[in-house]
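Okay, handing you the structure first.
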Amino acid sequence: MAEITATVRPTREEVVPSRKRVKLPAWLEVAKPRLIPLLLATTLGGMALSEGWPLSSPRLVCTLGGGALASAAAGVLNCLWEQDLDGRMARTSGRALPSGRLSPTSAFIGAIACTLAAAMLLVSGVNCLAAGLSLLGLCSYVLLYTALLKPRTSQNIVIGGVAGAIPPLVGAAAATGHVGLGGWWLFALVMVWTPAHFWALALLLREDYRAVGIPMLPVVKGPVVTARAIKTYGWITVLLSSLGVFALPSGGAFYGVMLLPYNARLLQLVDRLSLDPDSLVNAKALFRWSILYLFGVCLLLILSRTDLASGFTHQVIQLLSLPTGVH
C-alpha cells in the first residue's frame, strides 16, 4: 500500500514558541506586546544615528514610553478591525476579541487611552515632531496597511511597511528635534527589510491567508515567486545596511566590520530558501533570523557610538593612512 504523507504547516505558535508558552491577559494580548521591543530597538537606532546621542534619561524614558503606548494602541485598533477575520480562522479564533474574552468597547476605550497617553507623554517630555511622527505611524498601520492595503493587494507589506519604519524617525526627532540623514537611512532600511521578513512568515501561514481571502504574495504568486522576491529584498537589505558606515556620526568602521557576519547569514538563508521555496524549515529559519538581524543592526548602531568603537575607527583610519612604500 502506498504511504501517503501530508505537509503539516506550522501554526504561528510553533513559529514563535513564546506565544505558546505565555498566556497573556486579554487586555494585554490585544496590545500585541511582542511587537513592541523591535519597534523600540529601531527607535533607539534612530537616536544613535543622531548628533544628539546619548539622550538625557527623562527624554529617553518619555520617548520609549510614548512609542510603546502608541504601538499598543495600534495593536488594539488592528485587533478591533480584524476581529471578524480572526474569528473565521482556527488559528486566531481564540484571540481575546473573537472569543469574547474582551469586549470591543473595552478594547476601543483602551486604544484611545493609550493614544492620548502617548501623545501627552511625547509632547510634554520630548517634542511635537516626535509625537506627530508616532501618531503617523499608528495611523499608517491601522488605516493604510490594515484597512486599505492588506485585503486588496499582494504588495500590501511593501507599501504598508512604512508604519513599521517610522520609529527610527521618532528616535531621530527625539534626539535633535529634526530628522537627519541617519534617521532617513534607517527608515529606508526597515522598509526594505520588512518584505523578506514578513513574506517568510506568510510562506508558513499561507493556507490561513488563503482560507480567508487575504492576498499575501505566497497566496497570489506561490512560493517560487515569493522566494525570488525575498532574495531580491534580502540583497537590497544587505547593500543598504552597509551604508550605515556613512550614516553614523562616529564609529562607522566598527559598525561595518561587525555587520559582516549578520549580512552573510542573511544572504545564506535567503539563498537556501530560493533553492527550495517549499521548505518550511528554510522559511522558519529566515523569519527568525530576520528578527535577530534587525535587533543586531540596531545594537551595532548603539555600540558604534561608544568610545571603544570610536577608538577602533581611529585605528582603522590610521592603518589605511600608513605609507605603503610603493612609489
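A Cβ is built for glycine as well, from the same backbone N, Cα and C atoms used for every other residue.
When I checked Swiss-Prot for this same protein, it listed these features:
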TRANSMEM  35-55  transmembrane segment
TRANSMEM  60-80  transmembrane segment
TRANSMEM  106-126  transmembrane segment
TRANSMEM  129-149  transmembrane segment
TRANSMEM  157-177  transmembrane segment
TRANSMEM  185-205  transmembrane segment
TRANSMEM  234-254  transmembrane segment
TRANSMEM  283-303  transmembrane segment
Kindly say whether the transmembrane segment (35-55) and the transmembrane segment (157-177) touch, using the definition of 3 or more Cβ pairs under 8 Å where each pair is 6 or more positions apart.
yes
When you look at the transmembrane segment (185-205) alongside the transmembrane segment (60-80), do they share 3+ Cβ pairs under 8 Å, ignoring any pair fewer than 6 residues apart in sequence?
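Answer no, regions not in contact.
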What parts of the chain pack near the transmembrane segment (129-149), using Cβ distances under 8 Å and only residues at least 6 beyond its ends?
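Cβ under 8 Å, 6 or more out: 63, 66-67, 70-71, 73-74, 77-78, 81-82, 115, 118-119, 122-123, 155-157, 159-164, 166-167, 169-170, 173-174, 177-179.
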